[in-house]
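As recorded in TrEMBL:
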TRANSMEM  B:73-94  transmembrane segment
TRANSMEM  B:114-133  transmembrane segment
TRANSMEM  B:148-169  transmembrane segment
TRANSMEM  B:181-201  transmembrane segment
TRANSMEM  B:279-303  transmembrane segment
TRANSMEM  B:315-335  transmembrane segment
TRANSMEM  B:368-392  transmembrane segment
TRANSMEM  B:412-429  transmembrane segment
TRANSMEM  B:435-460  transmembrane segment
TRANSMEM  B:467-488  transmembrane segment
TRANSMEM  B:500-521  transmembrane segment
Amino acid sequence: MDVLLGVLLGVVLSASVFAVSRLLAPRRVLAPGEEGVRAALHAAAATLPHLRKGLTRESAGKAIGHLHALTQAAGVLIDDGETVLAADGLPAETRHVSLKRDCPSLGNALDWLPDSSRVEVHSGPAPFGNTVVAPLMVGGERIGRLAAFYGPERRLRPEDTRVVSEVAALVSAQVELSVLAEQEERLAQAELRALRAQISPHFIYNALAAVANSIHTKPEEARELLTEFAEFTRYAFRGNRSYVTLADELHYVEKYLRLEQARFGDRLDVRVSVAPEVLTAVVPVLSMQPLVENAVRHGVEKAVGPCRVEILGADLDTDVELTVRDGGAGMDAEAADAALHGRAGGIGLANVHARLQSTFGPEYGLEVESTPGQGTVVKMLVPKFRAGVRAA
Amino acid sequence: MTLSIIAVIAVTGAALGIGTYGVKLARTTSDLFVASRAVSPWWNAAAISGEYLSAASFLGVSGLMLKFGASALWLPVGFTAGYLTLLLFVAAPLRRFGSYTIPDFAEARLPAPYMRLLAAGIVLLISGCYLVPQLKGAGVTLRAITDAPYWVGVALVSLIVALNVSLGGMRGVTYVQAFQYWVKVFAIAFPALLLLIHLGGLPARAALFGEEIPRADRAMVIELDAPRPVTFPDTGETRVVSRVELARGDAFPVAEGIDAQTGDEWSRPVAESGRGSPILIYSLLLATFLGTMGLPHILVRFYTNPDGSAARRTTVRVLGLLGVFYLFPAVYGLLGRAFTPELYVTGDTDSVVLRVPAAAWPGPMGDILAAIVAAGAFAAFMSTASGLLVSIAGTVSHDVVPGKARKRRTRFRIVSVVGMLPPALLALATPNVDISVLVGWAFALAASTFCPLLLLGVWWPRLTASGAAAGMLAGATVATGMIAAGLIGDVSQETAAGAILTQPAAVSVPIAFAAMIVISLRRPPQNVSAVMAALHVPEPVSP
């Protein structure tokens, strides 16, 4: 009895939650015309995410069904000017196969399709019949064709031509967006390359000089330094990874600092205190190193006497805060702001800030606190987890 | 008495101190790096065990064993075995995925804006549910060592934990939590071993294993804090009394909700009906097997592992460490039946661990051991309560109320004080529910919401957001509905029906899985190949 009561109560509760959710989002009843508009909009919207990945056999294959619904032709086909990328519909009466399944062998059968940069109407052989062909244009260049077949029986209407050319325009616009995204990606890569190129010739010269200094007196140490140098440069210049774990980044910051210490000796005092819980966080490659390099350059190179550089990593539950502090000359707030936005000559800080913000959103990134004579503190805030951001 | 109070104050002070100063000590500070070295699986496993061993493990298991007999020992079996399912199905994929909390996982796996909010809501529900027994443990412990009323302990510990978390102490520092594990193991094992050596083995009483019910070995008077109904097993009558006088050889009367069992019945792990009935045992095992992976404060700890295989290694070590700990509550249960049977009269069985040392070894040595146990109990619920409160405050300030990352600190502080109120009030409202039963509810909730989400989310590509949401809602409502029905209906655990209402997992878990699968099948899933690859493709060998 009591079990029944409990189960019943649970079921009633879940059913009422379900009912409320249904009530809050009632199914709208549309007039037939509106229903058509809705269907067309749905089909159009459904193609968007696929085509935004560029015009490939895979993306075209996923979008073709929706394009078919949108044109309301008997069959549709997309090619890249030479080979067929995807096709759908049009059961061929003579051969009892659909256009889709026969896709690879269609190449020769479709030689009759007009090859032009305008929308053309053509009457094709038996199963295809009346056909509208529209070019897919990206940046003024033709990258492929969209063909809609209406069968031999049906006469073409002016709307058909218009619909097909509009659908072709929709596909073109999406593919164009994908090209833009690709360019943006390339720009980000270029910026990273610029940052790598910025690892200053000075540093390389100084590191090699430090090795040369000790090569006779302490050959063991010189050998170690050269190994560190080789490993660091390989990390800094290796092109293919965008994200690394904080542990990795700190590991190479360590190698970098070892080289700087060989050069400055006792003058450079480095303190590191990082909570081990945050080492698994994922950060863009070369995000800490520029901060540390800045600290060394401003804190030690421009000062006389010993100078301390501190690297702190704090666990803020859902976020990680990394702090790089130097005891150098410091700067005023305006100069700090300029450095963060790339108006102060170098692109180090600005580049890291921009990459952090584009990866994690506007609430993350760098913060610079500095007062003249008091040194500079750069704080970097990153989340512990962000979907899709993984260390390579 | 005084010794225990001193020990408790020392442990609390140490916990607060570690929170403030230990954070600095626990960091690798060095002139040059050893910082990029990850936490080893042993440290991590000890930290997870330290966070996991709560008042339910430290006090509740022995209390429930005293009350219902050996059938209560299924509870630690489930508590430990939960890590086996975690190891087999979830630990490595989730670590590879990199998600830090369940709301993170839910949103990344099933991209729908409401998933994060829904998962966050359930995190709050489970954490709140798990906090109640910790506070109850505080009330019981303080009452046992100072005779203060129950509410004093609840209020005091709520206040200390809330203030401490909001001021930034007791954070989830791995080395501190790992240290806590060893404190807890010492506090439960050392007195148990010394007592067994002192007694020369288990006392050979017929009430333990034979055909006897517990009988007074001398004349005694037991005072109750209020007039209560107690049942006298010799005559079978039930009377409301505030004071019980027993002559030598009289059977101990039992408080409401307890059965007078012979030693034979008591020591049998499975019975025809009631607490030892197979349906309740299966329900409990299901809840603990599947619920462990859904505990928010535990899953967070796996983030510290550097990769999937380290997560697996950590989980195996957790199984071992917990196994060692759970040997000892059974010792206190057995000794309690021999030395503190007056708890059957008062019904305050949750305090058996605290009362056994002084009863079994009268004199200063017993007092010292009692102080050690009391300190361990305090450490147990302080650390678990802090971990839970941190996850409540973190969830609210990160997932529920969106806003600037740098303003989050303030919100975290406010929420950690406010968030303590509902569990504290619930703990005050349920003084008569066993700690282990309360914990069982948290496990049942986790098993019928996050377990299907994690298992299906990791292993079934067809899971959709609407399916997951429906399944979690169905599981949560069925589980809470049945628990509420059991509470309001005031059912007896002796019937199978009452049993399933106190532990609803056997009903709610299948309902949650079914709802998730059926509703997911109605629509095709989104493109999940990238997410599935992130979950399952092993990490490349690091350079």
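From the backbone N, Cα and C atoms, a Cβ is placed for every residue, glycine too.
Note that the structure is a prediction, hence the values are computed from the model and not measured.
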Against the transmembrane segment (B:467-488), which of these stretches has the most C-beta pairs under 8 Å: B:73-94, B:114-133, B:148-169, B:412-429? B:114-133
Of the listed stretches B:279-303, B:412-429, B:500-521, which one has the most C-beta pairs under 8 A with the transmembrane segment (B:148-169)? B:412-429
Residues of the same chain, at least six outside the transmembrane segment (B:500-521), with any C-beta under 8 angstroms of its C-beta? 279-280, 282-284, 286-287, 290-291, 437, 440, 443-444, 447-449, 451-453, 456, 460, 462-464, 466-468, 470-475, 478-479, 482-483, 485-486, 489, 491, 493
Closest-packing stretch to the transmembrane segment (B:279-303), where packing means Cβ pairs under 8 Å, from B:73-94, B:181-201, B:412-429: B:73-94
Ranking B:73-94, B:114-133, B:181-201, B:412-429 by Cβ pairs under 8 Å to the transmembrane segment (B:368-392) puts first B:181-201
Okay, the transmembrane segment (B:73-94) and the transmembrane segment (B:412-429): do they have at least three CB pairs under 8 Å, pairs separated by 6 or more? no
